[in-house]
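Annotation comment: Swiss-Prot describes His74, His115, Glu150 as Zn(2+) 1 binding site, evidence class sequence analysis. The annotation Zn(2+) 2 binding site is assigned in Swiss-Prot to Glu150, Asp184, His218, Glu263. Here Swiss-Prot flags His187, Asp231, His233 as Zn(2+) 3 binding site.
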Amino acid sequence: MDKILLGCHVSMNKQNNYLVGSVNEAISYKANTFMIFTGPPQSTLRTNTNHLYINQMHELMNSYKIDAKDLVVHAPYIINIANSVDQNKWKFTVDFLIQEIKRCEEIKIPTLVLHPGSYTTGNYKDSLNQIIKALNIVSNYQVNVKIALETMSGKGTEVCSRLEDFKYILDNVKNKDKVGVCLDTCHLHDAGYDLSKWTEFKEQMKQNFSLDKVLCIHLNDSKNMISSHKDRHANIGYGYVGFDTLVNVVFDKDFSNISKILETPYIDKTPPYKIEIEDLLNKTFTNRL
């Protein structure tokens with residue numbers, strides 16, 4: 001079997017030389033892939049990519065056999081391309097998304113995960129159409145970067161907690177090769193999908209889109225019971241999704257070539273990723289957190 005691509009969200013900051021620090025953090029967890037934000041997730045503040053140590057990042061990754069094609073960027077949370085109510089806000093977030101795409105192209109990271117957004121006070125179907133409209137616009141700026149729309153928990157007015165929403169979007173975007181899906185195991189569970197029946201869930205996916213549309217997986221346990229629509233991540237093996245179910249996801253041969261990214265909570269301000277990665281690869285829950 002191919003090597004398991006397993007990593008986590010890592011920080012990127014000035015004191016650790018930006019992207020060089022991101023690679024070093026991933027290496028410290030024995031991760032062979034990772035995900036970053038290119039700036040604060042709740043802000044439009046961005047450091048010019050010329051200052052992010054891009055070349056040094058790629059040199060360091062090469063020495064540790066980490067492939068840039070496996071890396072993931074998460075788009076800022078403030079982007080809401082589903083907004084069908086306020087066109088000025090919608091245009092602002094589309095423009096900001098274009099800037100993020102350009103940054104991914106410059107950093108040479110090919111997958112940009114994006115929360116599809118919320119319909120707020122608008123109409124659900126109108127919001128899905130706004131997403132399609134936005135994706136059609138930004139596709140003109142995508143050269144090597146693909147957007148992975150993330151499965152959501154259905155909290156509040158979030159769209160895309162149903163696989164059918166992804167089918168509708170993927171069927172109707174113009175440049176179908178530039179858009180895919182990011183599966184989030186916590187969100188799927190909270191949205192009502194029973195991932196302990198993984199084979200059945202994959203069949204449900206196949207009824208809506210082909211499995212090769214899955215560009216990455218966010219691997220998280222959940223603090224809440226199924227169908228809770230809460231979106232509260234738990235550490236691996238400590239939640240309602242369960243360790244064995246998450247091991248099944250990690251070792252699924254259909255997804256062997258895509259990155260599984262942990263976004264689990266810190267324990268007493270300490271990242272849990274090294275232990276979680278080790279446990280998952282060993283298929284053994286050691287209860288060390």
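Positions of Cβ are set from backbone N, Cα and C atoms, glycine also.
Values in this document were obtained by computation on a predicted structure and should not be read as measured data.
What Swiss-Prot annotates, mapped onto the structure for a quick look.
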residue : record                : DSSP class
His74   : Zn(2+) 1 binding site : strand
His115  : Zn(2+) 1 binding site : coil
Glu150  : Zn(2+) 1 binding site : strand
Asp184  : Zn(2+) 2 binding site : strand
His218  : Zn(2+) 2 binding site : strand
Asp231  : Zn(2+) 3 binding site : coil
Glu263  : Zn(2+) 2 binding site : coil
With His233 (Zn(2+) 3 binding site) as reference and a Cα-Cα limit of 10 Å, the qualifying binding-site residues from His74, His115, Glu150 are none
Cβ within 8 Å of the Zn(2+) 3 site centroid (His187, Asp231, His233 excluded): which residues?
Ser153, Asp184, Cys186, Asp190, Asn220, Ser222, Lys230, Arg232
What other residues of the same chain, not counting His74, His115, Glu150, have a CB atom within 8 A of the CB centroid of the Zn(2+) 1 site?
Ala75, Tyr77, Val113, Leu114, Ala148, Leu149, Cys182, Asp184, His218
Inter-residue Cα distance where the pair is Glu263 (Zn(2+) 2 binding site) and His187 (Zn(2+) 3 binding site), in Å:
12
Filter the binding-site residues Asp184, His218, Asp231, Glu263 down to the ones within 10 angstroms of Glu150 (Zn(2+) 1 binding site), Cα to Cα, kept in sequence order.
Asp184, His218
Candidate with the highest Cβ count within 10 Å, taken from the binding-site residues Glu150, Asp184, Asp231, Glu263:
Asp184
So for His233 (Zn(2+) 3 binding site), how many other CB atoms are inside 10 Å of its CB?
24
Beyond Glu150, Asp184, His218, Glu263, what residues of that chain have CB atoms within 8 A of the centre of the Zn(2+) 2 site's CB atoms?
Val113, Thr151, Cys182, Leu183, Thr185, Cys186, His187, Ile217, Leu219, Asn220, Ile261
